[in-house]
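If you look up TrEMBL, you'll see 15-34 marked as region 'Disordered'. The transmembrane segment feature in TrEMBL is assigned to 42-64, 84-102, 109-130, 208-233, 267-286, 298-321, 327-345.
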Amino acid sequence: AVGAAAMEEAAAHNGSAAGAGTGTGTGSSAAARPPATPEGMALAYGSLVLMALLPIFFGALRSVSCAKSKNSSEMPETITSRDAARFPIVASCTLLGLYLFFKIFSQEYINLLLSMYFFVLGILALSHTISPTMNRFFPANFPNKQYQLLFTQGSGESKEEIVNYEFDTKDLVCLALSSVVGVWYLLRKHWIANNLFGLAFSLNGVELLHLNNVSTGCILLGGLFIYDVFWVFGTNVMVTVAKSFEAPIKLVFPQDLLEKGLEADNFAMLGLGDIVIPGIFIALLLRFDISLKKNTHTYFYTSFVAYIFGLGLTIFIMHVFKHAQPALLYLVPACIGFPLLVALAKGEVTEMFSYESSAEILPHTPRLTHFPTVSGSPASLADSMQQKLSCPRRRRQQSPSAM
């Protein structure tokens, strides 16, 4: 996940030499093409913004049910403050490692290996994404059998589960449909197949990656804010990797769609890192809203609007200055600043920073919400508790027929 995030950020700035990028950018050969029409650019940028909002919105909603899931295969991965602090460092090392790989080894073989890797990941991600929707279309009498893929290490008491994946026949149908998209992408590298995989990666990331509290989110976004600015403005590493890297880790939309139709090839693009990183913070604020039990989603909608504002500002500045822009430079202050101002206005800053998302992962565990009022001596209290414990046992003995 760390390596993918670094590459997602790199892809966001592909084509800055052609005078575009943020996330939003044009293909590397855009300089040889005629400039995009205003209508085509508006359509491309508007579509990118819409495609970015969809996985954040629905991924945040699904993260709530994911946190309450009893299925071990659907349990979220919690990001701690230590993980958040290390994330930009590991991502930078991964990005630099890819840069050296592309300098030393053949670009063709590396991209072939990465294509196969993302082919498998994309099929699994897309299958998991469409599964809840597809389940509504199966008839009631559909023969749905349960399967379990279990891989363990050791034996006896020292046996340890390595893989424990439960699935059914409906999941296999979704996997088959996703495989068709995977083969389409592998053979054609078509931008629609790329976007289907990209949307699936983004939604799964927002759904399954959980920040444990707001402080961790601020550490993660702040670290990646510095990471993004440094690798875009400070060096050419990110742009070099992005130009060499071919994988569905960005959303693309053609600026010449109106002229060439589905065969258009002059793309604006948005890296998945600019969607997933703010998205998991927005999902955290949705869970915080629900924990307040006020039947309002104030912080979620505030951060959602802040994301739209930050992404729109990124596109505007990129369009004015004709230079690659690190999207997190504008998204991070907006996504953190807007909700924080709302919390200050409502006097809920303490509640916001004391909220622990990890406490929501096991909501089915019984909790003692109030303490009973007791009186009397310790001896009488002990006698009373003993009687309560023994009463159910006597009732079961008196009615054996109930068994």
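Every residue, even glycine, has its Cβ placed from backbone N, Cα and C.
For the transmembrane segment (208-233), the list of distant contacts is 1, 9-10, 13, 16, 63, 66-67, 74, 76-81, 83-85, 87-88, 91-92, 95, 239, 273, 276-278, 280-281, 283-285, 288, 324-329, 332-333, 335-336, 352-358, 361: same-chain residues at least six beyond its ends, Cβ to Cβ under 8 Å.
Where the transmembrane segment (267-286) meets the stretches 42-64, 109-130, 327-345, the count of C-beta pairs under 8 angstroms peaks at 42-64. Long-range neighbours of the transmembrane segment (109-130) within the same chain, counting only residues 6 or more positions beyond its ends whose Cβ lies under 8 Å from a Cβ of the stretch, are 101-102, 171, 174-175, 177-179, 181-182, 185-186, 196-197, 199-201, 203-204, 244-249.
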